[in-house]
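Visitor: Copying in the features that TrEMBL gives for the protein in this structure:
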TRANSMEM  60-80  transmembrane segment
TRANSMEM  92-116  transmembrane segment
TRANSMEM  128-148  transmembrane segment
TRANSMEM  155-172  transmembrane segment
């Protein structure tokens, strides 16, 4: 998730295990630093290989196995710089507890996290919450402010209780959205071989539904919540871009082939051809709107330069009208059909 959320959750976890009021502020600061530390993997990048940053974000630094190492290192640095008189053992507890929350919270999103590295090379994604969700984050921040001012861990424990309740509601919402997707597929006479529901940006009311039937992916949106009428936002159908399709375009021993397969692993297999000139394989998991087939990102495919690394391409629609449309969908109001056009960065 975003850095503020990660640091807030880490701080809340560290404060919650603090025993003395005098330790609260150290626990909060150290917890925030340790809770955000795994995202330093964003520094792993290469000008020659644009996919390197995607490949190693939420990789080994987010693994549960390495949390004690990262948390311990942050704790030692914190002791040297800020808390020479505090016992290292206590600081390590704060640091490790905070770091452990990072990978777990990221796994609650749809991006994919190598939580069990190096034992399993699987991108864990539980599709419970959006990468950015102010309704989730702001109460945590408020509770931490009170914890700092009052030097009390009760507020941090209250923050963690809220976190658990919100994620529980997110699980329920995901299940409801998946049931709606199955109902849609059944109405269309489809038998899905893959089906996912992912929360849209900033909320757990509006969901992006993607299921596969045969060689095609079907995309829809739904606003759902107990006591409210479900609102369906019809999307579109796109053809999946599988390994056989890639094989027809490029040499499997080429750099381009390896890059496409790396991007396929990153996108958890949800690839489709978004553009034809040049060819762009898009990640169907994410879009500005839940009913849109304009991806947030994709990679170029140039078979004539098969031994050159692919390039990342971003598709963003960031106008006021774009956010207004999303806000109307969150409220369950009717909207015009999503445009197939988006600005390209």
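Here the Cβ of each residue, glycine as well, is placed from N, Cα and C on the backbone.
Annotations in TrEMBL come from automatic prediction, not curation.
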Visitor: Would you kindly list the residues that approach the transmembrane segment (155-172) from elsewhere in its chain, counting only those six or more residues past its ends and only Cβ-Cβ distances under 8 Å?
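Guide: Contacts of the transmembrane segment (155-172) (Cβ under 8 Å, skipping residues fewer than 6 from its ends): 8-9, 11-16, 28, 108, 126, 128-129, 135-136, 139-140, 143-144, 146-147, 199, 204.
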Visitor: With Cβ-Cβ distances below 8 Å as the criterion, list the same-chain residues six or more beyond the ends of the transmembrane segment (128-148) that contact it, or say none.
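Guide: Answer is 1-2, 4-5, 8-9, 11-12, 15, 24-25, 28, 108-111, 154-156, 158-159, 162-163, 166-167, 170-171, 174, 199-204.
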